[in-house]
Amino acid sequence: MLDLFFPKIWAQEDAPSNHTRPTEGDDKTAPEVRIDSDSDGESFTSDAQSGVKDVEALTSVWSNIFFIYFVSSMQQNMTFGLTPYVTSSFQAHSLTAATSIMSGIIGGLVQLPLAKVLDIWGRPQGFAIMVLSLTIGLIMMAGCNNVKTYAAAQVFYWVGYNGQGYALSIFVADTSSLKNRGFMFALISSPYIATTWIGGPLATSFLNGAGFRWGFGTFAIVEPLMTIPLFVLFVINYRKAKKAGLIKPRESGRSKWQSIKHYAIEFDLAGLILIYCGLALFLLPFSLYSYQAEGWQSPMIICMIVFGGLLLIAFGLYEAFLAPKTFIPIALLTDRTVLGAYVLSAVLFVEFYIWNSFFSSFLEVVNGLSITEASYVGNIYSIGACFWALVVGVAIRVTGRFK
């Protein structure tokens, strides 16, 4: 889709795999859609050649994306230090891990239907909805009065953050060649290397000063402001593409209820409900069993695990035999390369979250570290992952091999 907005940006030697879509008629006479100076308030040099303008336009977009990730990573590093104090302020520190379970499930799975949302409603609209969800989450964190509200805020935040990241990753994929793509994905995660040294002191400053509420409230203002330039750019060029006839209006001819049924099928609503509920019921007992008098023998805990497992089995059967449209093609899941990537990714997430939830509290209580020192230790993993991602990205660029 981005090739509709920036048709000549990547007309370079290393052309990406996503080529510009052909238009009706002669390609040579097809209307050009390019970024004008009024899209960012700065004029390009009048004598600049077309290729130079395209590079300058793409650079301005990439700079904005980098700053969006920089601010988001700074906020997340601050949250790493603040979360134990938020749950402790409500005398519920043991629920620190539980606050992230539903947000992890829903925030991760939202990317599956989001691809269809971006295609049907448009990328500017989808991007704006995700930023709105992220902002609502931060506002709820700032105003929460109990752990339940904080957990709900985490859901809104991670749905918005993961959705925003997904929309931006599509832009990265569309505007980079295949052999450079690994490095470009690593580049947008590189701000974590720098903000590791900022998050801890920032959390300390808010806790010792205005309080954790203003920590979240500040970023509820800053983060959406950082996305405005990119959103405006998306809207301007989306309108240009529509005006040039590159995006055709869709006349469905469906009634209101027919549209509801259509989109319920398109988004595989039944499948989403099954996997959301199944994962939630199956995973939540591992954090909640300690609050039951009978522990693992509690009827509620047993029922949640059993029904969660049954719903997950039902999801697999539904996707394989009943779903009119699936968001996870069964044939793709049986591919050994894809399946291997899924398993490896799952192992990485499991081994990380097994120790991460209470690691900050452990460092501060058992080892007597300050919030800043604990954040440095806790983010060693992130620094290493982001640094080596850059190295691997360069290696892929040089060798041309992903394995």
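Positions of Cβ are set from backbone N, Cα and C atoms, glycine also.
As written in TrEMBL, here are the features:
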type	residues	note
COMPBIAS	21-37	compositional bias 'Basic and acidic residues'
REGION	15-48	region 'Disordered'
TRANSMEM	55-72	transmembrane segment
TRANSMEM	92-114	transmembrane segment
TRANSMEM	126-143	transmembrane segment
TRANSMEM	185-208	transmembrane segment
TRANSMEM	214-238	transmembrane segment
TRANSMEM	263-284	transmembrane segment
TRANSMEM	296-318	transmembrane segment
TRANSMEM	339-356	transmembrane segment
TRANSMEM	376-396	transmembrane segment
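In this chain, the transmembrane segment (185-208) lies apart from the transmembrane segment (263-284): fewer than three C-beta pairs between them fall below 8 angstroms, excluding pairs fewer than 6 positions apart. Among the listed stretches 92-114, 126-143, 214-238, 339-356, the one sharing the most Cβ pairs under 8 Å with the transmembrane segment (263-284) is 92-114.
Scored by C-beta pairs under 8 angstroms, the transmembrane segment (376-396) has its highest count with 339-356, from the stretches 92-114, 126-143, 214-238, 339-356. Tertiary neighbourhood of the transmembrane segment (296-318): same-chain residues 270-271, 274-275, 277-285, 288-289, selected by CB-CB distance under 8 Å and a gap of 6+ residues from either end. Beyond the ends of the transmembrane segment (126-143), by six or more residues, the same chain brings 75, 86, 114, 117-118, 149-150, 152-161, 163-164, 166-167, 213-217, 219-220, 223-224, 227, 230-231, 234 to within a C-beta distance below 8 angstroms of the stretch.
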